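Take a look at the structure below.
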Amino acid sequence: MAKNNYNLSEGALQIIMKGGDVHQPVMQVLGSKKINSGSSDKERYRILLSDGKNSISFAMLTTQINDKVGCGGISTFSVIKIDRYITSVINNTGKGDTRVLLILDMNVIVPGEEVGQKIGFPTVLTDTGSNDQTPASNGNASGYGSSTTANTVAAKTSTANGSVSFNINGVNLSDQLTHPISSLSPYHNKWVIKARVTNKSAVRTWSNSRGEGKLFSVDLLDESGEIRLTGFKEAVDKFYDYIQVDKVYYISKCQLKPANKQFSALKNDYEMTMTLDTLIQECTEDEKSVPTIKYDFVTIDQIQNFEVNTIIDVVGVARTVSELQTFQARSTGKELKKKEIMLVDHTKTSVALTLWGTQAENFDGSNCPVLVIKGARVGEFGGGKNISTLSSSNMKINPEMTDAYRLRGWYDGEGNKLDYSNISAKSGAGNFSTPWLSFKEVQDQGLGNAEKGDYYQVMGTILLIRSENAIYKACPTEECNKKVIDLENGMYRCEKCNREFPNFKYRLLASMNVGDWSGNQWVSMFSSEVEKVIGMTSQEVGEQIEQNPESMVSITEKANFKQFIMKCRAKMETYNTPRQAKIPMVLMINPISNASVSPKSNMLED
């Protein structure tokens, strides 16, 4: 078939794969293959691409356009226009460096079914390396960082605008080919990224038997994705003042490791750590090409459906603000400061937001400002949901954003006159907004396939509580419930906090069998709800077990045949390859009362 019938950009691949630029090239897809994405839960696709003259197999789709594969989208023989792309050089083991084409956005011009065959007679483009594309260093580069090479010297200089920078002999990161964040992996250590700093934490310190230190972290963003970078000890002194939020930097020579999702909501399976060799250089040209912070907002009425400790992005109006509260932490005796804010939005729902420390001290809630928060943590108290900021959270007040403008206009027009449903209020079972189901209906409907799980409420009877491992010794800090390790020297270590303590707190985590009219089901329950079932606090249970290790059996048996209304969450989990139903988690539990069951009396009679 003639190539010019479809106006393929003949010769474009040779230019692109040598580091050149071709505006919106038109290509043909000769095939696609789903590839293993490691620990990521997102699929990735590798495609065979042709410009009519040459073809390459080193082309990939970024995950945000996966929906364009199949179902009327990209298929074999499709003709596509590539609107945005970047190239990255990776180390192809044993074969040197290979340039990969990453497609960020594209559109199908002609479906593959209509084309029906390969266009022209393309030959495989074999030279896709980067050897001839690495610019020579000019020996007078401006950067920031250090090197372990003996002859490399970092000398402080002043730039034309008077700011302090560092001159790294022979290294100018702006001359290097940059790699997209999405292409980084622990198996490839020769890279430079160009990214915007969207958030910077305060410096945090720690002290334990092994020593003391300090750390800080920044969140980085480019067109392909985002990632967290953390610096420890010497890196704090070297880089903390240099790195500024909203500025763009070239960064190289950091260590990659799996991300700790307990502390980060960034959509990346990896995070970076600064090393003694890390190089960081501010980008002063073309910084506008790097996108600004990305948000994945949830509305306030949706927060009640999220699991405790989930990290979310939220936007709302600060309707009321409490006075600054100062108190001492019971576990450490440390003085804490906080403010409680009632946040509202257009769903006519409110949620309690807690600010801590200097952020609480400095916050001025006059004139009901709009708050945009990236990385708020969901909590729960008395059956109601709340949110709080973390050291890694990014909060903007009245930012120049479309979502903020829209909410400001709504609140000034009608929102300030409304009554709101408060999801942070202590709630009984009658306030559940989830459907009533029996255990059999849950099973028949195959609940749990939603991304964040499915929620339902059930009226059940406790049949059995497993007494084994129902209580454990946990980190004494208020914000952490991780199990501690007994060092058998009077100290207890929390791996999550990376600290050692002379004390601990007791926490309950129970597995119990619950029955209703249709059958029975094993469920899991955290400390606050287990306490309602057994009628004792975690501390009371722990102290009793210290006196009599066998008493847990009698404590749990007393709860048998008690009836409760339970709000549950069902979710499917992937173990190795097959997806399996996870034991439902009871998020909220309340004793049955006439008021709570009367609206459902018809269901019970059935």
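If you go along the chain as it appears here, the first residue is 1 and each next one adds 1.
Note that Cβ sites are derived from N, Cα and C of the backbone, with glycine treated the same way.
Taken from TrEMBL, the feature domain 'Replication factor-A protein 1 N-terminal' covers 8-110. Positions annotated as region 'Disordered' by TrEMBL: 127-148. The compositional bias 'Low complexity' feature in TrEMBL is assigned to 136-148. The annotation domain 'OB' is assigned in TrEMBL to 191-269. What TrEMBL lists as domain 'Replication protein A OB' is 300-398. Among the features that TrEMBL reports, domain 'Replication factor A C-terminal' is placed at 455-591.
Across the domain 'Replication factor A C-terminal' (455-591), DSSP assigns 25 helix, 65 strand, 47 coil.
Secondary structure by DSSP for the domain 'Replication protein A OB' (300-398): 12 helix, 54 strand, 33 coil.
Counting residues per DSSP class in helix, strand and coil order gives 6 helix, 45 strand, 28 coil for the domain 'OB' (191-269).
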